[in-house]
Amino acid sequence: MEYSKLITPLSDIALETAELILQYYQKGNFKTYEKPDDSPVTTVDYAASDLLVKRLQQLTPDFPVLSEEAIQPWQVRRNWQRYWLVDPLDGTQEFVAGSGDFAVSIALIESGVPVLGMIAWPTEQRLYYAVRGHGAFRNDGAGSNQIHVRKLKNPATDPIVVALSRRQPKEKILDRYRSKQPIEVIHTGSCALKSALVAEGSADVFMRIGPTGEWDTGAAEVLIDEAGGTLVNTHFQPLSYNQSSDTGNPDFLVLGDPAIDWQRVFPAKATG
């Protein structure tokens with residue numbers, strides 16, 4: 001299948017889901033609960049998941065859908081070769097807090113590799129998307145523009161822009177930072193959005209220390225790859241998808257300019 005043909009109908013699905021989320025967000029009519037891992041989940045997460053799963057099944061009836069809010073047993077999905085991997089509301093804490101930094105994240109996985117990714121930012125009415133081998137793009141409603149990671153003039157000495165969660169202390173990253181290059185920090189919520197900021201060149205790196213799921217990185221991985229960067233674990237190895245019953249990710253790095261010696265900046269033994 002030529003996956004680039006899916007971009008237009010998938011954009012409609014992503015924007016429809018984003019609009020649903022935005023309506024709840026603006027009215028504030030939702031309830032919040034705690035998952036067993038103490039992370040928040042809202043009635044909006046479930047509503048967005050139901051809509052996404054329904055629309056994706058209509059678009060590609062032969063592709064199963066794995067949603068953060070509807071995880072099939074390993075026995076059901078262990079032989080999936082091609083499937084949708086979605087986070088219907090990435091950044092639930094930010095949604096509840098009212099920061100506006102939350103996203104819809106949709107990836108298509110084939111043989112364990114993300115081949116298509118789309119991230120919708122509801123409050124900005126913005127789409128990021130990429131198909132493997134076809135580049136990465138940003139669309140703010142007036143057409144698509146190709147995006148690339150930022151290239152530093154002096155990769156060994158220029159300041160490095162780090163994307164951090166609003167709730168992640170800068171010290172947590174500095175504990176793992178081993179470069180003499182100065183750091184500039186920008187704060188935003190949502191793993192998907194921070195990854196997109198690296199892909200478009202607004203940030204140079206995003207390090208995630210703490211629990212995440214495969215749905216947090218699927219779309220981001222193909223987006224950053226096609227923008228000229230990379231997404232790896234903190235030992236600089238690729239992530240895996242649907243390879244075991246555990247859908248959790250290790251700590252990971254979203255890296256921009258490949259001319260930067262990232263293994264010097266974030267040595268593996270320093271990152272754990």
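For all residues, glycine too, the Cβ spot is worked out from N, Cα and C.
Note that TrEMBL annotation is computational and uncurated.
Note that the structure is predicted; figures quoted are calculated from it, not measured.
TrEMBL annotations:
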{"type": "BINDING", "residues": "E68, D87, L89, D216", "note": "Mg(2+) 1 binding site"}
{"type": "BINDING", "residues": "E68, L89, D90, G91, T92, D216", "note": "substrate binding site"}
{"type": "BINDING", "residues": "D87, D90, D216", "note": "Mg(2+) 2 binding site"}
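Feature map: TrEMBL annotations on the structure.
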residue: E68; record: Mg(2+) 1 binding site; contacts (Cβ under 8 Å, 6+ apart): D45, S49, V86, D87, P88, G213, W215
residue: L89; record: Mg(2+) 1 binding site; contacts (Cβ under 8 Å, 6+ apart): I21, T42, V44, D45, A48, S49, F95, F102, A103, V104
residue: D90; record: substrate binding site; contacts (Cβ under 8 Å, 6+ apart): F102, A103, V104, S105, S190, C191, A192, L193, W215, D216
residue: G91; record: substrate binding site; contacts (Cβ under 8 Å, 6+ apart): D101, F102, A103, G189, S190, C191, A192, L193
residue: T92; record: substrate binding site; contacts (Cβ under 8 Å, 6+ apart): S39, P40, V41, T42, D45, F102
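Residues listed for substrate, E68, L89, D90, G91, T92, D216, cover a largest CA to CA span of 12 Å.
Ranked by how many other Cβ atoms sit within 10 Å of their Cβ, the binding-site residues D87, D216 place D216 at the bottom. For the recorded site, T92 (substrate binding site), the DSSP three-state label reads helix. D87 (Mg(2+) 1 binding site) falls within a strand segment according to DSSP. Using the Cβ center of E68, D87, L89, D216 for Mg(2+) 1, the list of other same-chain residues with Cβ within 8 Å runs, in sequence order, D45, S67, E69, V86, P88, D90, T92, S105, A192, G213, W215.
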